[in-house]
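S.K.: Have a look at this one before I ask anything.
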Amino acid sequence: MTKPGYLRLHATGELRIRAAKALEALRDCTVCPRLCRVDRLNNETGFCETGRLAKVASYSPHFGEEEPLVGHGGSGTIFFARCNLACVFCQNYDISHQSAGAQEVDAEQLAAIMLDLQGQGVHNINFVTPSHVVPQILEALLAAVEQGLHLPLVYNTSAYDNLETLQWLDGVVDIYMPDAKFFSSDASRAYCRTEDYPEHARTALKEMHRQVGDLELDEQGIAMRGVLVRHLIMPEDLAGTRQWMEFLARELSPNTYVNLMDQYRPCGFVDQFPELQRSISSQEFAAALEAAQKAGIHRLDQRHQRFAARLLEALLREQ
């Protein structure tokens, strides 16, 4: 089995250099595209309301992720509180908007969490909503490696990431799992409080693919390296599914592993947005599948491949 790249970076001293550089960026914070420029090293807070220490809401082996991440041992998810986006429909809004139940952790404590998960037999360490705490992750990774961490790392992100921050992770992260949320700035401005999400997300996805390429699985079907893209289908095609699928096929690869997610449900703060107050229809899901196929994306998450076949058959019978 190929060893995670961060072990090599640690051996050469490069990981320590990057961690120091990332931590220094907290002093005038430019870690994410918000560019708040507050001094988080001295516990000033900006948009993400996170100071010097990361906040962990929960951690555990998780079996609800995509099959290549879960295997038989689960994915070792660490849910960070707060977020550098503010999606009004967030299904985890109590964590991302309110930090419900979250605990501040220092580097040693975060390292201990990684090692605890590894000891429980998970296949990877899965950082959920990590964009605003990359420096803290790198700092903790140093301690975790010195105590025996050796699992692949998953960067489970909204894709609202700075290019420079992602470059700190080159050779550190094995598996990138970005969302592809909104293709248009009008939609991202309305629903995520930022109009530059599409620009940053597209740049981020290309950089992630440059670093790790298409998703690679071992002989047991477990993800070892590569990009896995999640796309939440929205009512009224607000996310721009066709445009995203064409972008992925053209700018990344037709072999990009994509999870077309049909589980949008009204929650969070959608009461102000009538267009968000319903789930998607079977016709909208079928249209998303067709958009992926027409764009040349053929590597869909297995759960949806099976369901998609049944759905398309049912829709054809209705015609």
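Note that Cβ sites are derived from N, Cα and C of the backbone, with glycine treated the same way.
Feature list, courtesy of TrEMBL:
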BINDING   CYS83, CYS87, CYS90  [4Fe-4S] cluster binding site
DOMAIN    78-209  domain 'Radical SAM core'
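Any idea what these are sitting next to in the structure?
M.R.: CYS90 ([4Fe-4S] cluster binding site) carries neither a helix nor a strand DSSP state and counts as coil. Counting every protein chain shown, the Cβ of CYS90 ([4Fe-4S] cluster binding site) has 21 other Cβ atoms within 10 Å.
In the predicted structure, the domain 'Radical SAM core' (78-209) carries a mean pLDDT of 96.
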S.K.: Residues near the [4Fe-4S] cluster site, CYS83, CYS87, CYS90 excluded, by Cβ within 8 Å of the Cβ center?
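M.R.: Going along the sequence, the neighbours come out as LEU85, ALA86, VAL88, PHE89, ASN92, TYR93, SER96, HIS97, SER158, CYS192, GLY268.
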S.K.: Over the span of the domain 'Radical SAM core' (78-209), count residues by DSSP class, listing helix, strand and coil in order.
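M.R.: For the domain 'Radical SAM core' (78-209), the helix, strand and coil counts are 60 helix, 20 strand, 52 coil.
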S.K.: Show which residues of the chain containing CYS87 ([4Fe-4S] cluster binding site), separated from it by at least 6 in sequence, have their CB under 8 Å from its CB.
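M.R.: Sequence-distant Cβ neighbours: SER96, SER158, LYS181, TYR191, CYS192, GLY268.
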